[in-house]
Every structure is written in structure tokens, then in C-alpha cells.
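S.K.: Pasting a structure here, questions to come.
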Amino acid sequence: MSQDSQHGKWTISDSEDEDNIIPPTPQKDSNKPSIKPDLERKPDTVTTFFKQERKLSPKRNEDTHSVKEPSAPSMGSEARKAAHVNQTLPVKYESHPSPSVKRKRETEEAGWNLSSSDDETPPPAPKKEPKKSDVSPKKKKTEDKRPPSPHGTSYYKEEPADFFETNLLSMNDMYRFYLNKVTGIPKKFNTGALHIKDILSPMFGTLKESVQFNYCFDIPWMVEQYPPEFRDKPVILVHGEKRESKARLIEQAKPYPHIRFCQAKLDIAFGTHHTKMMLLWYEEGFRVIILTSNLIRADWYQKTQGMWMSPLYPRLPEGSPGTAGESPTNFKSDLLEYLEAYRAPELAEWIDRIKQHDLSETRVYLIGSTPGRYQGPAMEKWGHLRLRKLLSEHTKPVLNEERWHVLGQFSSIGSMGLDKTKWLAAEFQRTLTTLGKARKSLTSPETQMLLVRLKEGRRCAHVYPSVENVRTSLEGYPAGGSLPYSIQTAQKQLWLHSYFHGWHADVTGRSNAMPHIKTYMRVSPDYTQLAWFLVTSANLSKAAWGALEKNNTQIMVRSYELGVLYLPSAFNMSTFPVEKNVFPASSSSKGFPVPFDLPPQHYSSKDQPWIWNIPYTQAPDTHGNIWVPS
């Protein structure tokens, strides 16, 4: 079967096989990994070619600020970098473009790195044949420079000085949920948003040490985001890199003796360290930031990201008991348990440090994922069963509950199985629809398919960018490199696509800033009230959220993820009102700043979900580029 649109045709296989990339290995016992859906496998390497017009869009021509010199390449997984290593190769847009029109690669090292996907991991690129002639010592250090951006070296512009001026009075200190600043949108939509330079500035504390948990790192760029007076303060980078990729990350850090590393243990195949968190220790106290951005410039430039910033936690008096400084949401012990799950000596000092601080002002719940197979009470510690437990214990049923919508918004999609009952509309649906104590046992079969059967009166929307969203975005097609939904996965779950809704965010001025943020929420029939809201690193995948095994007596989680859950009960409210005027932000606002427009807009008949490894050649993007994977 094939599907046509104004952007071309993509072919869908009739195969009903669970995975047509790598034949699955039968599962012989519970101690071995279950059959991997194709998003958790390694699809073909994606090589993307595109063409940039010489003239930038009018908005960009207005920006005359100087351009920074390229620095070191960003570090994500080995496979992720292999997937993007050739993406600077241009194809000229023509009125009838041919995917075969390609230009010769200018340099061996040309490429660019994109933000993370939790589990759609292509294989390493084939090793290049060494050149027989010149092995010049002068070319050894090409990797020390960041590869060109997809739009060329002049794409990133220096923001004006006032871009980084944050007014604390304009920040919403009730929910402490913030979006990132976006270059190229009206200034009012950045009033109350935060850039990484703001977060690390003296405005929030006199920094002594920090820990950066993340998936992708550009170390030279990251160091530059710290203000000069904090730039040599000790930093630990918590990562999931292995082998060559780990070696390159360590090489990147050689000029910075204040940087140390902590490698996250990934004992289950196809898992990733996808958590994004900052631990900041100040002379005045301690702070936690849980966010959705990688530590690379592209993630802080023209994408929509979100974060929760904790209050400044003061130090407890000497001799305080170990249980002191806990919040009503149990955040302190949950954070310590998450950090202890790394089993990392490098974090021991930080665990002790956190114990010495008062986290009692925290009003959010921590929801983490850590790799492993969990049984008994441990099943409810991580992943979606952790979310289910909190929704069961700290929410109450609402009137006309069956009419309340479940919204999920994400930047990557895993394999959901051959039909909706395999995971999404079974265990994951049950979690997302929990309000108050469950009426069914964990093993009861699901009879109502809330996520996918609107005709039964229950409602759900999946917010995920369409091809047109990406094409017309600030970044153009290259924004799609951070939306790694593959054709291999998509062709097996066409049943999912009819529930997709486009990315529209006029309320935050970010309709053209493609989302790397991930949010989940339960919203009233008229879209004015929230029963709960979650911001997290977890995309829509079993690797991130976990999947039940062994007749629902065990849950298996592959990846590290982290997010915070907002429940009205922690704010002495019955529901959260949805904020209608998110920007400019106000510290007096009582409404919750949902980052995109409500109600979400269903795909039109011409829309398709963005698929990152198929070509889009029939219409150029905002920079005159076309997208040709090969």
C-alpha cells in the first residue's frame, strides 16, 4: 500500500510480521530480553541530503549578530551520530526534483548532530576505507570542531544581550514550569522563559559544583553556557556512552580538568540514558532542574523544550534526622532512590549532600524510569506503573470522567505492536486513565479502548508534528532529525496515525518551534481544566515507560527517564485551570501554562505524521531545503 500527499509518496508494507528489520529471537525464559519492537532495534542508517538557498528567510536577514566559531561535536549515542553523519550533503531544490541529484561530499567529517530519541537507534555507519595516499598529521584534529549546522556555518546567530535578561518577577513561581527561550520569535513569548545561560547564572545562586545528566553533550558549548566566574567549578557528566563514543566524549573533555564522568549502567539491550537533569549546589543551598533539552546548541535554539526548576533548597541545621526536609510529595526520598539506582560511586557525595538539605517546599512528584525487571512492590517504583500508583493515591474521580481527554505529546514513537491492544490501549491506557482508586485488579483485561475509540465516548489525542509542521518550522526539514519516527515502525501501526493531532502552539508563540518537549495530561471536555500534568523525558515507547511481562507479574524497563508530575491536591486545588495567556508570564497567574494550543487540531486529510527516513522533495522548507534520506 502507498500513501500520497503534496510532499510525495511513501510505501507501506503489507507484512504483518512484528519486525521486518531483524528477525526476532524467541524468548525462552524471563531472564532474557523480550522480542524488541523495531523502534528499539537498529534500522538502516539515515543519510540526509538537502539544499540551502543562499538567501535566508526575512526574519533571519534581520538578525545581523555575529556568528560563533564552530566548536566540538555534540555527543549522543554512537548510533545516533552515525545516522546523521552525512546530513550536510546538499540536494538542490528543483521544480521537479529528483532524489538522485546529490552533490559530492566536501569533507570526510561533514555532519551534524541532533537531539535525542530514546530508543530508535540506527547501527553504526560502515567504516570508511582508509585513503591509500595522504595521512596528514594536520588533519587529525578535525573532530575538535563542531560539524557545520544543517543550514551552514552561518545558521546560528548570536542572540542580543537582552535575550538572556530574565526578570524573576515575570516567572511563575507557583508551578515552576518553564519553557525554553526560542530565537526568532517575538520577545514577549520569551518573557518568563529560560535559556540555559539564565539557569546557570548568578541570578539563581552562587554555584559551587554541578551534575549534568543527559543524552547528548557538546562539552565546549556546555562549558560556555556557565558564566565566566563559574566556568571552572567541578562538573560531573552522567551519560550512557560506550566504547568509541565514550572515548570521544572523554577526549572532548580533555581541555577541561574540572569535568569528571559517571557512566550510567545499561544492562538491558537497546536501553539509553535519556534522563535530563541538573543538580546545582550553591553557597546558598541546592537546586534541581528536570528538563527535556540535550546539552547541545540546537536544543536551545529553535525547538520547544520544557523544564521544572525547584525552589532554592536551604541547608538543614546540623544534626537534623535523616527524615528531615521531606516534602508532602515524598520528592526527597524519591530523588535519592533514583540516584541510588545508578549504583555509581561518583554520585555518593551528591546523595549525602542532598540529605543535608531541606526539600520540603517541593510540590511535584518525581516519576523516573531505570533499567531492570521488577516484581512485587518494586513494580510500582518506575515507569508507567509509578505514574499509575500516584494517580491512584493522590487524585479523585471527576464528574463525567469518561468525557475527559487524555493528551500525550512527544517527539518520538516506539513500536506499539500490531494492534492497539498489545500495549498502548491495554496497560498504558489503564495508567493514563487512572483517577483515584482503581476498580479493577492489575491483571483484569481491558474492555474500553480509551486511547483509540472515540466512538465509545472516551477521548485521546496524540500531539506529534506533521510533515507540514516540520516543513514550515523555523528550522525547516532539519527539525525532523529530532523527530525520529521511522517508516519501519510507522508501516506496522497505521491504526495509530488516525489519532494524531498536529503541533500548534500559538498560545506560547511556538507553533514554528518544533517540540522536543514531552508532556502528558488529562483535560476536561471543554479544555479549561487539568486533572494532572506531566513533563518528562519519556517519549511514547515501551523502552521508556516499561512493559508488563510474565502474565503481568513483572515489568521490564530499558531506559533511564525522568519527569515531574503535577497533581492538584499538592496545590490545595481540585483541578488546575488552563492558562489562556501564557506569555508574557506573570508570577501572579493561577492558570497552568500548557505549552500548546487546546483543543489540539486533528490532522487534515492531506497531513501525514513526520517520518524521518523517507524523502520530502516536492516542496522546499523555510530555508529552501528538501529532505532526501538514502
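Heads up, the Cβ atoms here are built off N, Cα and C, so glycines get one too.
Predicted, not measured: the structure shown is a model, and the values here were computed from it.
Features from TrEMBL:
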REGION    1-157  region 'Disordered'
COMPBIAS  29-44  compositional bias 'Basic and acidic residues'
COMPBIAS  51-68  compositional bias 'Basic and acidic residues'
COMPBIAS  126-147  compositional bias 'Basic and acidic residues'
ACT_SITE  His274  active site, nucleophile
BINDING   Lys276, Lys518  substrate binding site
ACT_SITE  His516  active site, proton donor/acceptor
SITE      Ser541  site 'Interaction with DNA'
S.K.: Could you tell me which of these binding-site residues, Lys276, Lys518, has the fewest other Cβ atoms within 10 Å of its Cβ?
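M.R.: Among the binding-site residues Lys276, Lys518, the sparsest Cβ neighbourhood within 10 Å belongs to Lys518.
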S.K.: Counting across all protein chains present, how many other Cβ atoms fall within 10 Å of the Cβ of His274 (active site, nucleophile)?
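M.R.: His274 (active site, nucleophile): 30 neighbouring Cβ atoms within 10 Å.
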S.K.: CB neighbours of Ser541 (site 'Interaction with DNA') within 10 A?
M.R.: 28
S.K.: Distance check, please: Cα of the residue listed as 'active site, proton donor/acceptor' against Cα of Lys276 (substrate binding site), rounded to an integer number of angstrom.
M.R.: 12
S.K.: Please give me the CB contact count at 10 A for His516 (active site, proton donor/acceptor), counting all chains in the structure.
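M.R.: I get 27 for this one.
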S.K.: Express the distance between the Cα positions of Lys276 (substrate binding site) and Ser541 (site 'Interaction with DNA') as a whole number of Å.
M.R.: 17
S.K.: Express the distance between the Cα positions of Lys518 (substrate binding site) and Ser541 (site 'Interaction with DNA') as a whole number of Å.
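M.R.: Distance (Cα to Cα, whole Å): 12 Å.
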